[in-house]
Structures are given as structure tokens and as C-alpha cells.
Amino acid sequence: MTDGLERLCRKLGYRFAEPALLRHAITHRSATKENNERLEFLGDSILNFLIADFLYSGFPRAQEGELSRLRATLVKGETLAELARELEIGDHLILGLGELKSGGYRRTSILADAFEAVIGAVYLDGGLEACRKLVSSLYRDRLETLTNEALLNLKDPKTRLQEYLQARQFPLPDYRVSAVSGEAHDQVFQVECTLNNTFPSVIGIGRSRRKAEQDAATRALALLLAENEDMNV
């Protein structure tokens with residue numbers, strides 16, 4: 001194993017049984033036909049699975065849409081490129097001459113792809129548990145930060161609105177079904193959320209009373225936050 005690959009292994013905290021896999025993972029398509037694109041494809045799928053698994057365990061109250069948004073934040077190209085920079089993957093990339101001259105080793109897309117390829121290489125070399133351990137280590141700080149920031153956002157809109165009002169000693173909101181339309185099996189509910197005499201009532205719409213109330217609460221909270229921003233200008 002070359003000195004460069006040794007340094008990268010130390011950064012990763014993982015030693016390859018087959019160093020050729022790591023070399024393959026850092027070889028860009030501009031350098032040779034035998035490049036990291038297939039490993040990138042594999043690593044992308046494994047990374048998405050592992051992050052989904054971490055989030056599923058860490059956010060037991062989160063709904064599917066919320067989990068998807070959290071995962072998207074953790075696997076987007078900018079995040080992967082940041083991780084690649086922390087590992088100094090760019091220093092070891094094997095690039096074609098043109099890509100090297102144009103600074104490809106700094107390019108977000110190339111770094112993100114190489115990071116995914118490294119994940120794929122670790123999977124082929126050491127299996128899923130080796131990958132899980134590596135991803136857990138690399139993402140530890142981000143997962144902890146995300147957990148702290150996301151706990152409030154994972155609360156349902158009615159809870160967030162109630163807590164916002166209580167913190168300011170405002171009256172609690174009142175929800176009233178103002179209209180129901182559609183057939184019995186396909187009804188649409190309209191709910192009116194009344195805050196107090198200072199703010200106008202807000203209308204929410206949903207396929208159930210609960211969803212309409214949540215929609216109304218979301219709109220009411222947005223109104224309150226916008227009003228608060230205007231007062232602070």
C-alpha cells in the first residue's frame with residue numbers, strides 16, 4: 001500500500017484487506033475507464049440505507065416524510081463533499097490531466113462521488129457492519145447536531161403552536177370545523193383556527209379533521225412568526 005493510501009486509511013479509521021479497492025474508489029473517470037463510478041453507485045445505496053436505519057432508530061416519532069427530509073440533509077452532495085474534505089480525500093484523488101489542472105480535486109461533485117465510492121469499497125472489503133461502524137463514526141457529530149435541532153421540528157404543528165403561545169402567555173387556539181365537502185369516503189375538511197382578537201382566523205384544509213387542524217396550526221404559526229419578524233424590523 002502506498003504512503004498516500006496509508007494516510008487515507010488512517011483518516012478513515014479502517015484498514016483495507018484489499019487496498020486495490022480503495023485505489024479504485026479514488027480513481028475518477030477522467031483518469032481511466034476503470035474508475036469509481038460503479039463503486040459510487042454501490043456506496044450511494046449503502047449510505048442511504050445506513051442513514052435511514054440510524055434515523056429510523058433515532059427518531060421513533062418521526063413520520064416517513066420527516067425521515068426522508070432528514071436523510072436528504074445528511075446525504076446531499078454538499079454534506080458528502082464536506083466529509084470528503086475532512087478525510088482529505090481530494091489530496092489522494094486520481095484524476096485525468098485536464099481535470100487535475102481545472103482543480104477537480106476541490107470540486108464538490110467529484111468529492112461527493114468519491115466519498116460514496118469509498119463507502120462502496122469498504123462494503124466490498126469488510127461487509128455491512130464495517131460500513132455501519134465507519135458511517136456511524138463519520139456522521140456522529142452531524143447526527144447529534146441534527147438530533148438536537150430536529151426534536152422541536154418533529155413535534156406536530158398543533159403542539160408547536162401551543163408551545164409558542166404558552167411561552168408568550170397568549171390564549172390557546174380554538175379549532176372549529178367550518179365546512180365538510182365531498183363524498184363520505186373522500187371528504188375534505190375545513191377547520192378554522194382562532195387565536196385571539198388580535199389576529200385573524202386561519203383556515204386549514206385536510207382529508208381528515210386532524211390533518212385540517214394541523215394545516216391550520218401550521219398557517220397560524222407562520223402568521224405569528226411573520227408578525228413577530230415585522231415587529232423586530
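Every residue gets a Cβ built from N, Cα and C, even glycine.
Here Swiss-Prot flags 5-127 as domain 'RNase III', drawing on sequence analysis.
The Mg(2+) binding site annotation in Swiss-Prot covers Glu40, Asp113, Glu116 and is backed by sequence analysis. Counting only same-chain residues at least 6 apart in sequence, those with a Cβ under 8 Å from the Cβ of Glu116 (Mg(2+) binding site) are Leu39, Glu40, Gly43, Asp44, Leu47, Leu80.
Counting every protein chain shown, 19 other Cβ atoms lie within 10 Å of the Cβ of Asp44 (active site). Among the features that Swiss-Prot reports, active site is placed at Asp44 (among others), with the record citing sequence analysis.
In the three-state DSSP reading, Glu116 (Mg(2+) binding site) counts as helix. What Swiss-Prot lists as active site is Glu116 (among others), and the listing cites sequence analysis.
Helix, strand and coil counts from DSSP across the domain 'DRBM' (156-226) read 29 helix, 20 strand, 22 coil. The domain 'DRBM' annotation in Swiss-Prot covers 156-226.
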- [ ] Could you tell me how many residues in the domain 'RNase III' (5-127) are helical, how many are strand and how many are coil under DSSP?
- [x] 90 helix, 2 strand, 31 coil
Open item on the list: I want the residues beyond Glu40, Asp113, Glu116 whose C-beta is within 8 angstroms of the mean position of the Mg(2+) site's C-beta atoms, in chain order.
Closed with: Asn36, Glu37, Leu39, Phe41, Gly43, Asp44, Leu80, Ala112, Ala114, Phe115, Ala117, Gly120
- [ ] Starting from each candidate's C-beta and looking 10 angstroms out, tell me which of the binding-site residues Glu40, Asp113 has the most other C-beta atoms.
- [x] Asp113
